[in-house]
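Here is the structure we will look at.
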Amino acid sequence: MTQLLFLQVQLRRGLLINEAVRMGTMKFPRRYVIVILTFICTCVCYVERVGFSIAYTVAADAAGVNQSSKGTILSTFYYGYACSQVPGGWAAQRIGGRRVLLLSFVLWSLTCALIPLDPNQVTTLVIARLLVGVAQGFIFPSIHTVLAQWVPPHERSRSVSLTTSGMYLGAALGMLVLPSLVKFRGPQSVFLVEATLGAMWSLLWFTYSSDPPRSEHPKATAAGFGETLLPIKATQKMKVENGLYPVKNSKIPWKKIILSFPVWAVVVNNFTFHYALYVLMNWLPTYFELGLQLSLQEMGSYKMMPYFNMFIFSNIGGVIADHLITRRILSVTKTRKMLNTIGFIVASIALVAIPLFRTSGGVVFCSSVALGFLALGRAGFAVNHMDIAPRYAGIVMGVSNTAGTLAGIIGVDLTGRLLEAAKTAHSDLSSPDSWRTVFFVPGLLCALSSFVFLLFSTGERIFD
């Protein structure tokens, strides 16, 4: 594995130098542009998600919409999002992640621009949120397909970590900026800002993105990156038949993917990560207001620390992972397992400890540690798609992200039921006993998931 990794690093460097020479510059490799654009992409997507929740809640409260109807509209996105993960991976594999990413961004941006935010038009909003959910469901499988094509193995951890950290920065920025926009410009202004951001990113992607440079290097396939992962075009069939390009099996090994223990290790950890994330995102404000009797408005930007912590720790994990792999301190397998285990075990302890604190500072500290180390753990399971299946990274990502989306739906609903039961037993939600099970469940899942990853994951390529 060490020799293969060394070959991959040297081959990729040679290809990148040749590309830079052809472009007449060595200053800023094209793959860095791709990674930065995907980072901005995830940031804008999460600004949209947070923005809709903020704008719709204000508009719905003003219109007197009941809580049940609000819940229906807010959850509709996730049903569309869950349904399009695997099709998104398939489309990225067949058509190309670069094209699918652009089309999906244009679709949700147009939807935001054209749909009026009228809480009384329930059917229109449901259809709109389904469309946005379906469109955004194509984004992350497409991103992983693009990154698998562009990023060499020794840079994958920090590249994926930087890209995904855009989610947390986008959520934090949305929570900080958009409430003021709603206050001064009205809820509809959020839709227009989101559509504008989407259009601007689409223009940048259309202008600066490209497929990796084609090479006839005989060892390119072994390196597991570059044009060898692109779909074969009809115009290339003659070159394939003449032996210029290696023959690639275009049939997706669905059975092998579904029955693979390393794939399931990734799926289980993705489920747990999003269960914990969505529970904290959706119910931590309620814990502040009802469990601790604190006002979120009085906390100001203090309450955004957990998300900024995720942004920081996500990138720290990526840098550490790539350093360990590139310097040959640890193998890819040991690096993934170590970071995933540290991240999830520390997060497990922090989650269980949250109800023990009765001050805002203590709860913010524990939730920041929990989310920060969960983000650190993404340098383990979240990059593993491209280790085990670089050609099918988008598809494996689609499968695991479907599980992650379902975890959000299940976790948020189950937490509500647990709190209803606790309210019946304790008469209110101010008691720590009312919240212990809420945070114990994701804490237990983190511990169990880290054990599954230790047993079944690998950093070796298992899909050719």
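Here the Cβ of each residue, glycine as well, is placed from N, Cα and C on the backbone.
Record features (TrEMBL):
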{"type": "DOMAIN", "residues": "34-461", "note": "domain 'Major facilitator superfamily (MFS) profile'"}
{"type": "TRANSMEM", "residues": "32-56", "note": "transmembrane segment"}
{"type": "TRANSMEM", "residues": "100-117", "note": "transmembrane segment"}
{"type": "TRANSMEM", "residues": "123-147", "note": "transmembrane segment"}
{"type": "TRANSMEM", "residues": "159-178", "note": "transmembrane segment"}
{"type": "TRANSMEM", "residues": "257-284", "note": "transmembrane segment"}
{"type": "TRANSMEM", "residues": "304-326", "note": "transmembrane segment"}
{"type": "TRANSMEM", "residues": "338-356", "note": "transmembrane segment"}
{"type": "TRANSMEM", "residues": "362-381", "note": "transmembrane segment"}
{"type": "TRANSMEM", "residues": "393-414", "note": "transmembrane segment"}
{"type": "TRANSMEM", "residues": "434-456", "note": "transmembrane segment"}
Exercise. Using a Cβ-Cβ cut-off of under 8 Å, list the residues of the same chain that are 6+ residues beyond the ends of the transmembrane segment (304-326) and lie near it.
Key: 5, 9, 153-162, 164-165, 168-169, 171-172, 175-176, 280, 284, 332, 335-336, 339, 343, 364, 367-380, 383
Practice problem: Decide whether the stretches the transmembrane segment (159-178) and the transmembrane segment (434-456) have at least 3 CB pairs under 8 angstroms, with pairs required to be 6 or more apart in sequence. | Solution: no
Quiz prompt | Result, the transmembrane segment (362-381) in contact with the transmembrane segment (123-147) (3+ CB pairs under 8 Å) | solution = no
Quiz item: By a Cβ-Cβ criterion of under 8 Å, what residues six or more beyond either terminus of the transmembrane segment (338-356) are in contact with it?
Solution: 269, 272, 276, 287, 291, 317, 320-321, 330, 362-363, 366-367, 369-371, 373-381, 432, 435-436, 438-440, 442-444, 446-447, 449-450, 453-454, 457
Quiz item: Mean pLDDT over the domain 'Major facilitator superfamily (MFS) profile' (34-461): what is the value?
Solution: 84
Practice problem: Go through the chain and flag residues at least 6 beyond the ends of the transmembrane segment (393-414) whose CB is under 8 A from any CB in it; none is fine as an answer. | Solution: 75, 78-79, 81-82, 85-90, 92-93, 97, 137, 140-142, 144-145, 147-148, 252, 257-258, 263, 266-268, 270-279, 282-283, 385-386, 441-442
Self-check item: Sequence-remote partners of the transmembrane segment (257-284) [C-beta within less than 8 Å, at least six residues beyond its ends]
Solution: 171, 306, 340, 344, 347, 351, 363, 367, 370-371, 374, 377-378, 380-382, 384-385, 388-389, 392, 395-396, 399-401, 403-408, 410-412, 415, 419, 438-439, 441-442, 445-446, 448-450, 452-453, 455-458, 462-463
